[in-house]
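Asks: What follows is a single structure, and I will ask about it in a moment.
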Amino acid sequence: MSVVLRHDWDRKELQALFDLPFPELLHRAASVHRAHFDPAQVQVSTLLSVKTGGCPEDCAYCPQAQRYDTGVSAQKLMETEEVVAKARQAKAAGASRFCMGAAWRSPKERDIPKVAAMIREVKAMGLETCATLGMLDAGQARALKDAGLDYYNHNLDTAPDYYDSIIHTRQYQDRLNTLEHVRDVGLKTCCGGIVGMGETREHRIGLLLALATLPAHPDSVPINQLVQVPGTPLHGTQQLDPFEFVRMIAVARIAMPKSMVRLSAGRETMSDELQALCFLAGANSIFYGEKLLTTGNPDTERDQALFQRLGLRPMQVTVDAAEHDHPGTVHAEITRSAACEHAA
């Protein structure tokens, strides 16, 4: 199947995809997926909160916002040795990428060298590195790149026209500016959003439209299902129809055919059957481990059993930590010939 990488999607086109009969949408998404990836391989990441709680923002979904009574207390930035120990455990459990998250609006200058040390140590273990630290300026993005960071996560969260219903302390343009800084220094981007926050299908289309018309598609697109935490304003929101969630995955795959589409937060309450539909629809990345920052995630044994039932295997990567001209060069051990073989 010939797939053209596009950045000129319009709302009507994405609406038409969402409106397709469910079997037809999954067929199209699976065909696009097979054109670029081995459908039996799933990239596995582990996420660690290296600085928890005390965030001054007001994101309505977030238990780490200090203004909400969620039982999450503010903690100091972890020591590098603690982070390395967690990364070692993640690698032993099968993760190929280690993501470090901090509950900051944006990092202070004194924090960047500490995070850079974490990145260097984790990279030396042969893991891909990812960080999500809030808003970055150009200099901070460069410092993280120079430390060997591979990916920076900064989500758009939702559609531009629904954003003010969720967040008031940061503008949509602030998020776009951070993504621009990250791209400009050559970091790979991890950028997606959250569904099930009371938005309409039109808002979900708006989120995908914003992502698919960025100057460069995100390398990873996490699709999160809202995890409702008592004490946050969104606790008690009506649950999203599971088939609508699968449609979100499928349209993301079609609109951004070469991106990794990550089945992200919310998996703990998803059935194996729902997750299988998501993999069929084009999801090819997950967070692996019992916790995502402060919320639950399926334990590793459950994921291993699911992979075995579905015949899936973790995508293997090799990281060249000694590459000086291009620190953090990553080679996924997945070949175009393998992808074509499964597409045949």
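Note: Cβ is positioned from N, Cα and C throughout, glycine not excepted.
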Asks: Out of Arg11, Arg28, Arg262, Arg267, which does Swiss-Prot tie to the same [2Fe-2S] cluster site as Cys99, Cys130, Cys190?
Replies: Arg262
Asks: Can you grab the distance from Cys55 ([4Fe-4S] cluster binding site) over to Cys99 ([2Fe-2S] cluster binding site)? Cα atoms, rounded to a whole Å.
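Replies: Cα-Cα distance, Cys55 ([4Fe-4S] cluster binding site) to Cys99 ([2Fe-2S] cluster binding site): 19 Å.
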Asks: List the Cα distance (Å, whole number) between Cys62 ([4Fe-4S] cluster binding site) and Arg262 ([2Fe-2S] cluster binding site).
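Replies: So the Cα of Arg262 ([2Fe-2S] cluster binding site) lies 19 Å away from that of Cys62 ([4Fe-4S] cluster binding site).
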Asks: Express the distance between the Cα positions of Cys99 ([2Fe-2S] cluster binding site) and Cys59 ([4Fe-4S] cluster binding site) as a whole number of Å.
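Replies: If we compare the Cα positions of Cys99 ([2Fe-2S] cluster binding site) and Cys59 ([4Fe-4S] cluster binding site), the gap is 21 Å.
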Asks: How many other Cβ atoms sit within 10 Å of the Cβ of Cys55 ([4Fe-4S] cluster binding site)?
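Replies: Taking all protein chains shown, Cys55 ([4Fe-4S] cluster binding site) has 23 Cβ neighbours within 10 Å.
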Asks: Kindly state the mean pLDDT of the domain 'Radical SAM core' (40-267) in the predicted structure.
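Replies: For the domain 'Radical SAM core' (40-267), the model's average pLDDT rounds to 93.
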